[in-house]
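Per Swiss-Prot, the feature Mg(2+) binding site maps to D45, D84, E114. Swiss-Prot lists D45, S46, D84, K112 with the feature 3-methyl-2-oxobutanoate binding site, giving sequence analysis as the kind of evidence. Summarising the annotation, Swiss-Prot assigns active site, proton acceptor to E181 and lists sequence analysis as the type of evidence.
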Amino acid sequence: MESITISKIQNWKKNQIKFAAITAYDFSFSRLFEKEGIPIMLVGDSLGMTIQGHNSTLPVKIQDIKYHTKAVRRGAPNSFLLSDLPFMSYYSIEETLKNTAKIIQSGANMIKIEGGKWLVETVKELSKRSILVCGHIGLTPQSINFLSGYKIQGKEKNDAQRIIDEAFILEEAGIKMLVLECIPSLLAKKITENLSIPVIGIGSGHHTDGQILVMQDLLGITDGKKLKFVKNFLCHNGSIQNAIKQYINEVKNGNFPSEKYSF
């Protein structure tokens, strides 16, 4: 795979080329994902649940993201790599800059932060320093206690308008990519069509520019109740490689997520 850059991803949006992304946490899987053609990987704070066994992302520390970012970058030298800033690691500009430096130096191309209007100054300060920022709105897992659980956001008119406003405000502040999580498909469509930056969806329908899934969900190895937007790509494919190929193809063709996996 040739090196994936933010310019290339922006061109995909411009040319209406859909793309697949996946979470990755270690060398072996990231190497396999890159070999099979996954262009974008996220070292997500979801590792708190999938790797560390917690019941939320809240216990994850910046050291954890740093460690896993290094491992993923070794396995996937050419993929575009996002890394989360975990809970309370960006509560001040000074703390954000310090922690962002650690993650970028570990191999990430871009950092991802959760939240809306309150992040405007943070995004501006990072952008001034030529640091690529991905926003994350809708269901924000770091706010799980405030949101009273993992549930769809933006169903009510006022909440939908708030999410739309946040998307535009964050783009104006300088984010270069946006993740929409667990919002209605038509709301995600409206946001995607009206932003100039690439929009990646998870549980937000098929109208976004790209899709992302947690690797354990995609491979059907997550315990507990299966989320509506999760599809097991491994069960009928016989190998992880074939599962990844099917995922990429279904996203590119606009077949995933179908209505069955959307809100």
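Any Cβ shown, glycine's included, is placed from N, Cα and C.
Its own atom aside, the Cβ of the residue listed as 'active site, proton acceptor' has 22 Cβ atoms within 10 angstroms in the protein chains shown. Between the candidate binding-site residues, D45, D84, E114, the densest Cβ environment within 10 Å is the one around D84. For K112 (3-methyl-2-oxobutanoate binding site), the same-chain residues lying six or more positions away in sequence with a CB closer than 8 A to its CB are L42, G44, L82, S83, D84, L85, V133, C134, G135, H136, V179.
Annotated Mg(2+) site D45, D84, E114; additional same-chain residues within 8 Å of its Cβ mean position, judged by their own Cβ, are G44, S46, T57, V60, L85, P86, F87, K112, I113, H136, P141, Q142. D45 (Mg(2+) binding site) sits 14 Å from E181 (active site, proton acceptor), taking the C-alpha atoms as the reference points. Geometry remark: S46 (3-methyl-2-oxobutanoate binding site) versus E114 (Mg(2+) binding site), CA distance 13 Å. The number of other CB atoms found within 10 A of the CB of S46 (3-methyl-2-oxobutanoate binding site), across every protein chain shown, is 20. Here the Cα atom of E114 (Mg(2+) binding site) is found 10 Å from that of E181 (active site, proton acceptor). Mapped onto three states, the DSSP output places D84 (Mg(2+) binding site) in strand.
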